[in-house]
Amino acid sequence: MGKHILLLPLGLSLLMSSLLALQCFRCTSFDSTGFCHVGRQKCQTYPDEICAWVVVTTRDGKFVYGNQSCAECNATTVEHGSLIVSTNCCSATPFCNMVHR
């Protein structure tokens with residue numbers, strides 16, 4: 001009986017973590033239209049993660065690369081040589097990292 005009592009908190013913990021987890025899109029490489037060419041999947045966030053997507057463009061606005069994931073995320077825009085790398089984060093709704101271009 002003692003084992004059954006110990007399983008209850010574990011079960012509740014797993015239930016709560018699954019309820020708090022956020023579903024996001026995962027894509028290793030998407031194009032300028034947002035179409036995923038490599039690794040189209042869904043992911044579920046772990047604690048401290050949210051939905052994220054990264055877009056790399058040239059200084060004159062030409063699309064170079066994009067990806068989506070579940071990740072620890074800080075929204076930033078960084079210039080690196082002739083490229084601009086924009087990291088975007090969201091957690092408001094499931095699959096909020098859908099890319100519309």
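Glycine is no exception: its Cβ is also placed from the backbone N, Cα and C atoms.
Copied over from Swiss-Prot:
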| type | residues | note |
| --- | --- | --- |
| DISULFID | CYS24-CYS51 | disulfide bond |
| DISULFID | CYS27-CYS36 | disulfide bond |
| DISULFID | CYS43-CYS70 | disulfide bond |
| DISULFID | CYS73-CYS89 | disulfide bond |
| DISULFID | CYS90-CYS96 | disulfide bond |
| DOMAIN | 22-99 | domain 'UPAR/Ly6' |
| CARBOHYD | ASN67 | N-linked glycosylation site |
| CARBOHYD | ASN74 | N-linked glycosylation site |
| SIGNAL | 1-21 | signal peptide |
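Features recorded in Swiss-Prot, as mapped to the structure shown.
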residue	record	Cβ neighbours (10 Å)
CYS24	disulfide bond	26
CYS27	disulfide bond	21
CYS43	disulfide bond	19
CYS51	disulfide bond	27
ASN67	N-linked glycosylation site	21
CYS70	disulfide bond	21
CYS73	disulfide bond	21
ASN74	N-linked glycosylation site	8
CYS89	disulfide bond	17
CYS96	disulfide bond	18
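In terms of Cα distance, the recorded positions that sit within 10 Å of CYS73 (disulfide bond) are CYS51, CYS90, chosen from CYS27, CYS43, CYS51, ASN67, CYS90.
Sequence-distant contacts of CYS36 (disulfide bond), defined by Cβ-Cβ distance under 8 angstroms and a gap of at least six in the same chain, are PHE25, CYS27, THR28, SER29, PHE30, GLN68.
All protein chains considered, the CB of CYS90 (disulfide bond) has 17 other CB atoms within 10 Å.
The subset of recorded positions (CYS24, CYS51, ASN74) lying with their Cα within 10 Å of the Cα of CYS43 (disulfide bond) consists of CYS24, CYS51, given in sequence order. Looking at the domain 'UPAR/Ly6' (22-99) alone, the prediction's average pLDDT is 97. Here ASN74 (N-linked glycosylation site) is compared against the recorded positions CYS24, CYS51, ASN67, CYS89, and the shortest C-alpha distance is to CYS89. A Cα-Cα distance of 10 Å separates CYS70 (disulfide bond) from CYS90 (disulfide bond). Counting in whole angstrom, ASN67 (N-linked glycosylation site) lies 12 from CYS24 (disulfide bond) by their C-alpha atoms. For CYS51 (disulfide bond) paired with CYS96 (disulfide bond), the C-alpha to C-alpha distance reads 7 Å. For the domain 'UPAR/Ly6' (22-99), DSSP puts the residue distribution at 0 helix, 46 strand, 32 coil.
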